[in-house]
């Protein structure tokens, strides 16, 4: 049991947390332990009701499909989000991944509300968006989609094709998910790098403060400590403890060349 828990805590933290939340919420919702009427998003209760039920912005993405969906949906969320979290060059920090989830989820909500009307749960759109983002930086590589091997960047479109055959009802949601992920990629990378524009979805400072890096690092070979920010000497403008000279020499002032 301890080995399983150790392996669990070694997983990518954001992907692990989101997949676990989906699994627990789905178990509770499909077994009747959690009233699903408290989970879906609708603007009339999430925004305009007093007090506003703002948790619905999150929980509308947390209920999976029934039966096998309880297992497969959290699995796909973890698979694609862990790829984004661990190896995507567009997301250098954990807070960038968190802000990506917030902005893409918000775009999905806007698209589905405007084009599709009332959609109670949007996990299909989120999974497709994660798949699109994870696959766009894997161009030239191959990926497995069920029993087939396809170019990695085509995996989200294979998901659309599978939905046409097996579950056409989720197809509009999945299209909104691809549009949301594509718009995020355009605003964050394509437009700033190739169009000379501004990154309109840069990670704000408050998100960086939410995702803090611990000062104490536990390693297999010992414990490491990140040093605190060093203060500068007000008279000399140099940092204490830096440079090749002894500290006692730092109060002597600026040197002068002789001769």
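Backbone N, Cα and C atoms are what each Cβ position is placed from, and that goes for glycine too.
Those TrEMBL annotations? Automatic predictions, nothing curated.
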Annotated stretch (region 'Disordered', per TrEMBL) among the listed ranges 190-224, 225-259: 225-259
Of 20-42, 54-78, 143-166, whichever stretch has the most CB pairs under 8 A to the transmembrane segment (98-131): 54-78
Spatial neighbours of the transmembrane segment (20-42) far in sequence, C-beta under 8 Å, 6+ residues away: 53, 56-57, 59-64, 66, 69-70, 73-74, 77, 109, 118-123
